[in-house]
């Protein structure tokens, strides 16, 4: 329950009068309240209308019911009834004071004051601070004393502190009362002495604080972890007291210790030494358990096995132990002495046991017969046991051989076990007979023959060993075994009482006339073999070891031993040599020896060759050979296959081989190139191989040349020259760019390359042109001589101008490519628009006009202007000329400021001149007027309900123009009008037409001055829409319409109508066909003329010639002038902005060409310093109306944008003067 819910109760702190004073019908009483509760002090006044207020400790709170300055205070009740009760919300310690109700003087009564009452505020303690910290677990040792303190928070009145240990009140506590953090508050500090017991483990130690302000006490607690020692250990084993065990028994001893915190640590000891320290703990029952598992051994007899229990608070170690009594049989029985003896002699043996507990008895057995021992002895043994010993002496006979002699140990303690040791008697006696089976003695056998000798014997114990001897030496098998083994000694084999042993021989020279014997004890047998063999060793002896050219050499061939004797002979490289016999010598293996000598004079060519000595045996039909290899010392000599020229590719590898003969081998190979010796240790790009060859990598053309090789050995030196021929890809060294020629002249484009090898057909030429048809070089002559290639052009034409590429390919990649421009010089050719170029401008002395003149020609063109035949004075500030040169295209812009109708409406002549000639054109400057009729109106598509029209702009009169279409159906009276949108469009589709209907169509142009009129013949068309069942088609492709004939059975009147309609359609078809034929013929002639003009124009475009800091790429507004449609050129002053080409740094030079492997020339044309641009780089110069992009000075500031506001109407002042 929240303490704030405690009801406010009255107190009797101050005496209050039992009678109510006059003027009050209700008085306040003494109250006690818990902090946070709501308090109400009663005050009832009998005199209504009086001013009532409360006083707190003498401080007047004011008559306002809201009591300003005290937000928790207010007066409640009905003032009309005299109710002025003081209410305090959420009271706190600051409200603990004396209060009185005061009534002010009024007309109806005097001043009144209620008795003073007290309001006592109870503050409960908020928290208990416990040391050690509350909520923690403290570890104490049982029986020791510990101090615990508990401090309460601020409270009023001071709280009571109580300590509870495992639910029991602690009496021995001390309490200190201290002042709180505020006046009227108190805090309590209580200290208790605690002696924990083992029963307190896991229990709580609680500090409890109680106060009148609390409904229930507040608590703080800690958990006690009490440490105490465990109980004594217990070994749970039935034989604990006796400790009787048997060796080999698996013994398990469990040990348990109960109680203790922490639980006990268990440890097993054997004779005081730890043997096992693993244990388990059951925390629920505080029990520790450990099991010792061991296999009992004899040496464990008398061992003390202990279990110890302790923990961290144990005063000492608690122990429980058991002493083992181990019984064990003898681990082994040993019979001492030899059981092998010759017949009719005594055998003495001793039987001895290992230690046992208890002792054992011994007895002897021979076969199934028990023997009586001579004596028996007992001694002390290991581990508390005993050792038994019995001696036996026995006379052995031949029939006892192989019988079993047994010593047996027994005891009542080991009734289920028997312990025995046995051995077999070996009675020795000799063999009775010995002989050898094999080839007849003295028989002749060839070397390599496999011979088997068998030695046989009868009887004997032990088995006769049958040892083979050769010439009184034992025969042994060779180790490791040879393949095939020449001697194979078999094992001793037994069959009944007969023994045998084989000796297999692969006969060799050492076996010749050797004596082979077999022995068994004192018995012996022997045989002898005669072996035929070729020379065992054919040796060549020389009188000198070191030979030089010209030395004399004496060689002697010696056959060491053979049976029978052999014949010796000499040959050299298949040629028989003359020799002489030498004196005979002694021979091993009981054979015959022979020797012969030969005399030779040597040369360097003999080095490495062989001289062969052959020994031939006629009886054996075998020949043995030996050779002597010449070792001739001579200086290095280069062989005939030495390579003198090596070919390599640049950046590749090269190997300069060495073919040299020398003995000894050359000590050093030194390479020299251009007087510099190459390091024998190698370098960044070379190394000298072990055979003297020179290996180069990353070969460059500078490595080409002769390399001198110097070889040396101890006998002398030799030198050779090897040439390295480095092939490298071609590079163009010289290419005259640009190459210039006059029209009709001849010129050679010369391309000089550096390459290796230089091939006669390595030069090739290509024409770089977007038009594949113009890339043929059939009309040009290609020649080459050495490192220079030429492309010869005779009777140069404009069509041949352009970019050419010289390609040099000598088979070493990559081919070299060089770009060269052919510039064909020609006289100026000014564009002559027909019928006349016109420019319109207002002649009001405020407007400006620009006249544009364009010409083509190479070299540069100079422009001059005349007006009505009189040279124009360009010093006049009203005239400004700007000249542009882009390749072979040149432009002059003449700007006339403040155009006056009287002075400037005239015929201006532009003349273009260069050293090869001149040309001119006329431009008429006229006044602003109505537009000219559109040009070239034609039908581009036709359907039953629409017709597509196309035309070209005419002269717009100097103002924005629009287009209108007027059309009529010939069978229907009246005209229809349609405006073309957008206004500047030159194509339009007229819709809403009827099928199979004839129409007449007019096209008009209009501006603010008026329209172009209907009188011009080229602005009207007559068309007939096709029927619905006919496909849409291009104009004039429709064949004459035919009406299918009616069947013969139709009535007469319909037939007549059909015939009349057919005749009418036939006439119409004829007219349409005639018109279509004339139109096609006119179009064909026009296209032919335009094609010729276009071809000439394209030739001019190719021959372009630009400045060195310009390039051929241009804005789309400067594309090449189309000459397919020739039209008059009319110019106003709107939107003119001449575009200068970008600089060389802004745009790549080539267009449409691969830039890799192209050699661009570094020189420029001397006169005009221009660079060629590819075709198609320049655009139309009369395609739009332009405005000057530059300022003419402050005197002409009003000229710019004069015509910018001309939309639907033309102001009077802009119309100019009449001419």
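Cβ atoms are placed via backbone N, Cα and C, with glycine included.
Annotations in TrEMBL come from automatic prediction, not curation.
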Of 974-999, 1000-1025, 1026-1051, 1052-1077, the range TrEMBL labels transmembrane segment: 1052-1077
Segment assigned the feature region 'Disordered' in TrEMBL (from 903-933, 934-964, 1089-1119, 1120-1150): 1089-1119
Among the ranges 15-118, 232-323, 534-625, 730-811, 933-1028, the one whose Cβ pairs under 8 Å to the domain 'Ig-like' (330-424) are most numerous: 232-323
Secondary structure tally of the domain 'Ig-like' (330-424) (DSSP, helix then strand then coil): 9 helix, 55 strand, 31 coil
Number of helical, extended and coil residues in the domain 'Ig-like' (828-929), per DSSP: 4 helix, 61 strand, 37 coil
